[in-house]
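Beneath this line is the structure, given in C-alpha cells, with notes to follow.
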Amino acid sequence: MAQTQLPHDAKAGPTKPEVRAVVRSKLALTDDDHFVEVGSCTGAVTIAAARDAGRVTALERKADRLETTRKNLAANGLADAVELRNAEAPAELPADADALFIGGSRNYDAVLDHAAETGVDRIVMNVSRLEVAGAATQAFRDRDILTEVVQFQVSHGYELAGATSFDSENPVYMLVGSASGDTEADR
C-alpha cells in the first residue's frame, strides 16, 4: 500500500493515518464504487479512496482547503483521479454515491438526508467532540441508517527515561451506516 504524502497543510489538519485505515476498512471500496467525501480539507481520506474506488468526488466549502486537497492529490500522483467541487454540502452532492465519508460536522443532518434519499450503501462519519457524537448518532438512528458506532483512541510510544511511554491522540467517534440495507435495527 502506497504511503500518503501530505506536503500541503490545512489548519484543521489531516485525518490521522490510523484513523484513515479504519475508515478504509469500513468503506470497503472497490473499483466499481463511486466514493464521495464531504469536507476534504487536506485530502487525506480522498487520496486513500482514490487508490481504491473507481470514481471519487470530493466536496470542500473553503477554496483554500480545496486547493490544499488539489496540491496533495498532485503530490500523490492522483491529480486527475478525483472530481473536486467547491461547494457546501448538501449542494452538489452526487445522487449516485456508493460510499460517503463525512469528515466534519457542519450540515451533517442535510448530508444524511441526502444519503438516505439516494440510498448510499456505506456511510462513515468521524466525530471528535462528544456532544456532536451523541447528536450525530441520534441523526443516524432517526433515519434508520445506523449500523455501528465505534470509539477508538490511538496512542504513539515515545522514549522516556530509557523506557516506553505513550502519548494519546484525541478519541474518535466513528459512525457507520447504510441507507440501502442492514442497519442497527436489523441486528
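We number each residue from 1, going along the chain as drawn.
Each residue, glycine too, has its Cβ placed from N, Cα and C.
Binding of S-adenosyl-L-methionine is attributed by Swiss-Prot to Thr15, Gly39, Ser40, Cys41, Thr42, Gly43, Glu60, and within the candidate set Ala81, Ala89, Ala91 the record adds Ala89 to that site. Highest local Cβ density among the binding-site residues Gly39, Gly43 belongs to Gly43, counted as other Cβ atoms within 10 Å over all protein chains shown.
Its own atom aside, the Cβ of Thr15 (S-adenosyl-L-methionine binding site) has 22 Cβ atoms within 10 angstroms in the protein chains shown.
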